[in-house]
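Feature annotations, reproduced from TrEMBL:
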DOMAIN    9-224  domain 'CWH43-like N-terminal'
TRANSMEM  12-32  transmembrane segment
TRANSMEM  53-75  transmembrane segment
TRANSMEM  95-113  transmembrane segment
TRANSMEM  125-143  transmembrane segment
TRANSMEM  163-183  transmembrane segment
TRANSMEM  195-220  transmembrane segment
TRANSMEM  240-262  transmembrane segment
Amino acid sequence: MFWFQQGLCFLPVFLVVWSSSTFIVSYLIALFRHDVDVIFPYISDTGANPPESCIFGLMTFVSACAGTLTIYARYKFVEKLGGDTEVVNPGLNKTALVLGMSSCLGMCIVATFQETTVTEVHDAGALLFFVPGVCYIALQSLLSYRARPFGSSPAVCRARSGIAALAAVALFPTVICAFFVTQTTLHRDVGDEDYPFHVASAVCEWIVAFSFICFFLTYIDDFKVRVTPLGGNPPFQALFFTFFLCTHFSILSTLLFSCSCLRYE
């Protein structure tokens with residue numbers, strides 16, 4: 001049996017690979033079409049205009065679905081760990097679940113409402129994604145230390161703490177500097193008065209986004225143990241089956257969109 005066939009460890013791997021591809025693919029298409037600048041665009045800028053907006057929205061929605069499943073699976077793992085060892089506070093675990101689900105909801109809002117069409121709703125969705133997302137990984141880092149010596153290894157705990165700290169530090173300039181950005185155009189000039197704030201906010205936004213995504217790689221070892229048998233939980237099994245159907249459809253649709261965008265006028 002290969003490592004990705006053990007338990008549910010394929011979930012965080014898929015989430016990280018798919019979410020990273022979402023940002024990179026939409027950026028490359030927007031760059032190819034000259035819709036954004038080469039250096040320091042906002043993530044949302046890369047998915048503001050069609051056809052990349054279609055690809056960005058579709059792939060982000062799939063990421064939100066994968067994130068929801070991964071976060072719920074992590075919740076069940078910690079719940080099982082706490083039930084067996086009584087080292088984890090159930091209230092903290094439920095709080096982390098709510099924060100994680102809220103972050104995924106923010107991803108859906110960002111995917112649905114483009115930055116250039118409904119700016120206020122898009123920005124609210126971005127805040128809902130970033131703030132609870134950073135709080136979620138920080139709380140998961142705390143839960144990892146609370147569960148020692150059970151659960152994750154000390155190296156994984158330190159890795160989670162480092163990623164969470166990096167995301168938390170980058171979150172503040174992302175939000176604060178964004179308030180000083182007055183222009184909403186996709187192309188920026190170095191001479192713009194608010195250009196330094198734009199650069200600081202955009203760079204930190206990319207750092208926060210990839211820190212949040214890469215955090216889920218630390219779940220791989222934990223998910224090799226199946227804490228909730230799929231055969232004994234029909235609703236959970238049906239949820240996974242639906243997710244895989246949607247994923248296959250989304251991959252096919254994304255490939256078709258990517259091919260057609262090269263000829264888009």
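Heads up, the Cβ atoms here are built off N, Cα and C, so glycines get one too.
Nobody curates TrEMBL annotations by hand; they come from automatic prediction.
Beyond its flanks by at least six residues, the transmembrane segment (163-183) meets 127, 130-131, 133-134, 137-138, 140-141, 192-194, 197-198, 200-201, 204-205, 207-208, 211-212, 214-215, 218 of its own chain at Cβ-Cβ distances under 8 Å.
Confidence over the domain 'CWH43-like N-terminal' (9-224), given as mean pLDDT on the 0 to 100 scale, stands at 88.
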